[in-house]
Amino acid sequence: MADTADFLGHAAAELARIEADGLTKRERQITGPQGGRIRVGGQGRINLCANNYLGLADHPALKRAAIEAMETHGYGMASVRFICGTQDLHRRLEQRLAGWLGHDDSILFASCFDANGALFEPLLGPEDAIISDALNHASIIDGIRLCKARRYRYANSDMAELEARLVEARADGARFILIATDGVFSMDGYLAKLPEIRALADRHGALVMVDDCHATGILGPKGAGTPAQLGARVDLLTGTLGKALGGALGGYIAGPQPVIDLLRQRARPYLFSNALPPAIVAAALAAIDLVEAAEDLRAALARKTGYWRTGLAEAGFELLPGAHPIVPVMLGEARMAQAMAEALDRRGVHVAGFFFPVVPRGQARIRTQMNAAIDMADLDTALDAFRAAGRETGAIR
Ligand SMILES: *Cc1c(COP(=O)(O)O)cnc(C)c1O
């Protein structure tokens, strides 16, 4: 009979295998606020791996809103929403998000991971179908697993395969069909083909759900995300407060009134998990006010992204094509990504190597992410560091 000692030995062996495969992720401690420049181990670094696209993570207006809300509304809620955890601020944020993003209403969660975990199970049953892009975020995959609907998958943005799955789901007798996709695929920076997806959904009587975590605040007029950028209506939209909107935490689902109302009755992470604290909610309201009007920041972000992409490509790095501020530098094996991250760290540039299981084996990369608040001079310094580190590790000649 296996005992606790065997179990701990099993965990240690698993860890040793992760280490032997070069897949161990190590956390470096930042001593200070998130930003275009950070402090790591007492030293300054240029930071190229935060989801802090508009540079709002340390913005004075957000900090002020959070502090004021703590004074007027307290620190914590100590309740889920339906017992005694709903303040005026929560409803204001839900309605503000919905108005901004063009939906009837929205519902808040502790994270977008929870929002995606909450969405599918209450809305769809065994007689329904979900068709999911193969590159969707882990939280969509997990959310679909929690739901009894039949599951179908199509290769990333393969519209012919999506249509085949729609036909298949109909032939299997599906009542409702929901297509689920990221708006921006987070490892690659590719945008979903929303107009084509919408047209296919309409042709086959399906609904469209988009997770716009890497687009809200960044893409489209007023930063309203991929549906606004690409001119496509979507039925359900999920997103995060943890990226461009100040980077703290929180997630939401926006959509038609009866769907949001039903989720409020049935979504398990909503019913059984604590309400967001007032400071976060108030700062998110301030963030939306800033972001909606921030065409200047979005223009700066696009300009810097173009400069950064061109510089890396001219240095000889292999990039994935695109225009999103996610700029992945493709390096092949995990060890190369780790060696590059380490060589860049020694040169004062903070990046993270991404490798299995976050991306497929053999497609390790450094995912750089542009930020409207990074100085042009720092971008030049970082390009010099990439060239030197690339030559040192053999990633470029
Ligand atoms: C970051 C991200 C999430 C998770 O959001 P959190 O609010 O951090 O839980 C979900 N989906 C996508 C596509 C993401 O990029």
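Positions of Cβ are set from backbone N, Cα and C atoms, glycine also.
Automated prediction, rather than curation, is the source of TrEMBL annotations.
Noted in TrEMBL for the protein shown:
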BINDING   CYS112, PHE113, SER186, THR240, LEU241, GLY242, LYS243, SER273, ASN274  pyridoxal 5'-phosphate binding site
BINDING   HIS137, ARG367  substrate binding site
DOMAIN    46-386  domain 'Aminotransferase class I/classII large'
MOD_RES   LYS243  N6-(pyridoxal phosphate)lysine
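Everything TrEMBL records as a feature, shown here on the structure.
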residue	record	DSSP (3 states)
CYS112	pyridoxal 5'-phosphate binding site	helix
HIS137	substrate binding site	coil
SER186	pyridoxal 5'-phosphate binding site	coil
LEU241	pyridoxal 5'-phosphate binding site	coil
ASN274	pyridoxal 5'-phosphate binding site	coil
ARG367	substrate binding site	strand
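If you draw a 10 Å sphere around the CB of SER186 (pyridoxal 5'-phosphate binding site), it holds 24 other CB atoms from the protein chains shown. Closest to HIS137 (substrate binding site) by Cα-Cα distance, out of the binding-site residues SER186, LEU241, ASN274, is SER186. Rounded to a whole number, the C-alpha distance linking LEU241 (pyridoxal 5'-phosphate binding site) with ARG367 (substrate binding site) is 21 angstrom.
When the binding-site residues LEU241, ASN274, ARG367 are checked against ligand 1, none has a Cβ within less than 6 Å of one of its atoms. Across the residues annotated as binding pyridoxal 5'-phosphate (CYS112, PHE113, SER186, THR240, LEU241, GLY242, LYS243, SER273, ASN274), the widest Cα-Cα separation comes to 27 Å. Counting in whole angstrom, ASN274 (pyridoxal 5'-phosphate binding site) lies 33 from ARG367 (substrate binding site) by their C-alpha atoms.
Fewest Cβ neighbours within 10 Å among the binding-site residues CYS112, LEU241: that distinction goes to CYS112. The distance from the Cα of SER186 (pyridoxal 5'-phosphate binding site) to the Cα of ARG367 (substrate binding site) comes to 9 Å. The two recorded residues, LYS243 (pyridoxal 5'-phosphate binding site) and ARG367 (substrate binding site), show a Cα separation of 15 Å. ASN274 (pyridoxal 5'-phosphate binding site) has a Cβ environment of 13 other Cβ atoms inside 10 Å. Within the same chain, the residues at least 6 positions away from ARG367 (substrate binding site) whose Cβ sits under 8 Å from its Cβ are CYS49, MET187, ILE326, VAL327, PRO328, VAL329, VAL351, ALA352, PHE354, listed in sequence order. Working note on the binding-site residues HIS137, LYS243: by count of other C-beta atoms within 10 Å of each C-beta, LYS243 ranks first.
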